[in-house]
Amino acid sequence: MSKMMMNGSGTNGTAAVANNHKEMHQRCLNPYRSKVTVVLGAQWGDEGKGKVVDMLATEADVVCRCQGGNNAGHTVVVNGKDFDFHLLPSGIINDKCTSIIGNGVVIHLPGLFDELAKNEAKGLTNWESRLVISNRAHLVFDLHQQVDGLQEAEKGGKSLGTTKKGIGPCYSSKATRNGIRVSDLLGDFKVFSEKFESLVNMYKRLFPNFEVDVASELVRYRDYAERLRPLVRDTVSLVHASLKEGKSVLVEGANAAMLDIDFGTYPYVTSSNCSIGGVLTGLGLPPQTIGEVVGVVKAYTTRVGDGPFPTELHDEIGSLLQKRGGEIGVTTKRVRRCGWLDLALLRYTGMVNGYTSICLTKLDILDTLKEIKVAVSYTLRGEKIDYFPGSITDLAQVEVNYITMPGWLKSTENVRDFNELPPEAQDYIRMIENDLGVPVKWIGVGKGRESIINVKE
């Protein structure tokens, strides 16, 4: 470095003009013309995030997925047709916005292309011009899915109930730095082949019965590389450029807060951060870009797979919620466990995610109940606690403290104005708002995209 530059002089030999640090600091605090709106599941998933995203995506310029893989499942109903999404952002339906699969997502290419083909058959068009995939995203291979099944089988009766989509093994490969990224596939194919064979050999050492036809897999992935190439970009700079241009950017969280690997009911969780932190790391965003955080809350609680569930119902009401709510997993096809709304849980996920508003879904499923219970706190070993247990052993032992509210015994399916809801339904919603200190801005009362109440202030 020259003496002139070391002394802070200008490039023409004159003294450099002092920067206005105050103005510079303000620009750092708010460097963009727009902020990101984030939609996150507030419970154990299946809250109806896809419907909310589809609604908000009609006004968005960019819709992003930031984490997870095809273990997630969203269903969006458009003109009576069910569009099922696992890897694709739900915003792909909007032909005016760009859909981004970010660096934090793990991508199973056979699943991605199959998903595109199935949705094309239902009417999805021109997606090639709207879908952008991060060059930094990691790839889920069939071998990861094979390993997922082998690991679950080894656990026997103590299995975690994973989707066996290979998500955990892929994130493990990422963490141990032998994972393979999109950029590897699109680079020197010889180098990609060597990395793939190395991954196969590692798993062969771990699992004696593990078998992969390496040659046929490499032939398949050479074809995938060319199909994928036109879709791949550096999504970090793309998202930042969109914000600098003042575009509306929407982020669709997959899974949900209680499945977050750090804040969920570990180990009965997924392998990514599906809370607000995953949005930042999964897209390369700094905290000051976050604007609205919409927590999607089902009017009752459901869970797929194993793990503690304090408000779970094992009676006819649980069966009624399952039947009326059509509670079968989009990805796993497993019946969802059902229980009462849990405010203690929602306060906890609200602390982690910082919800600025709530979308309450499936209110109509409660229409036939005479009484509705709501969990308001937990008691552990005889003492009322003001925190959410980090230990699943403790969570499995809590006693749930409920309040009971009257049901409304009227259909809400055709209601489109909050004031036209039965008074008891209005009370139920206001009770949730008052407890969480967060406004309910939307209420889902049916399956279709039009079956939603926009709550006006």
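Glycine residues also receive a Cβ, built from the backbone N, Cα and C atoms like all the rest.
Features of the protein shown, as given by Swiss-Prot:
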type	residues	note
ACT_SITE	ASP46	active site, proton acceptor
ACT_SITE	HIS74	active site, proton donor
BINDING	45-51, 73-75, ARG336, 362-364, 444-446	GTP binding site
BINDING	ASP46, GLY73	Mg(2+) binding site
BINDING	ASP46, GLU47, GLY48, LYS49, ASN71, ALA72, GLY73, HIS74, THR163, ARG177, ASN255, THR270, ARG334	IMP binding site
BINDING	VAL330, THR331, THR332, LYS333, ARG334, VAL335, ARG336	substrate binding site
| field | Distance from HIS74 (active site, proton donor) back to ARG334 (IMP binding site), taken between C-alpha atoms, in Å | value | 15
| remark: As a whole number of Å, the Cα atom of HIS74 (active site, proton donor) is distant from the Cα atom of VAL445 (GTP binding site) by 17
| Candidates ASN71, THR163, ASN255, LYS333, ARG336 (binding-site residues) - the one closest to GLY45 (GTP binding site) by CA | ASN255
| request: Taking the Cβ of LYS51 (GTP binding site) as the centre, count every other Cβ atom within 10 Å, in any protein chain shown. | output: 27
| field | All-chain count of other Cβ atoms within 10 Å of LEU363 (GTP binding site) | value | 24
| request: Compare the C-alpha of ASN71 (IMP binding site) with the C-alpha of each of the binding-site residues LYS333, ARG336, LEU363, VAL445, and give the closest one. | output: LYS333
| query | What does DSSP call ARG336 (substrate binding site) in the simple three-state scheme? | reply | coil
| remark: Among the binding-site residues listed as LYS51, GLY73, ARG336, VAL445, the Cα nearest the Cα of THR163 (IMP binding site) belongs to GLY73
| note | Within 10 Å, the Cβ with the most other Cβ atoms among the binding-site residues ASN71, THR75, THR163, ASN255 is that of ASN255
| note | Here the recorded positions are ASP46, GLY48, LYS51, THR75, LEU363, and the Cα closest to that of ARG336 (substrate binding site) is found at ASP46
| Of all the binding-site residues given, namely ASN255, LEU363, VAL445, which is spatially nearest to the residue listed as 'active site, proton acceptor' at the Cα level? | ASN255
| remark: HIS74 (active site, proton donor) -> DSSP, reduced to three states, gives strand
| message | Neighbour count first, Cβ atoms within 10 Å, every protein chain included; then name which of VAL335, VAL445 tops the list of binding-site residues. | response | VAL445
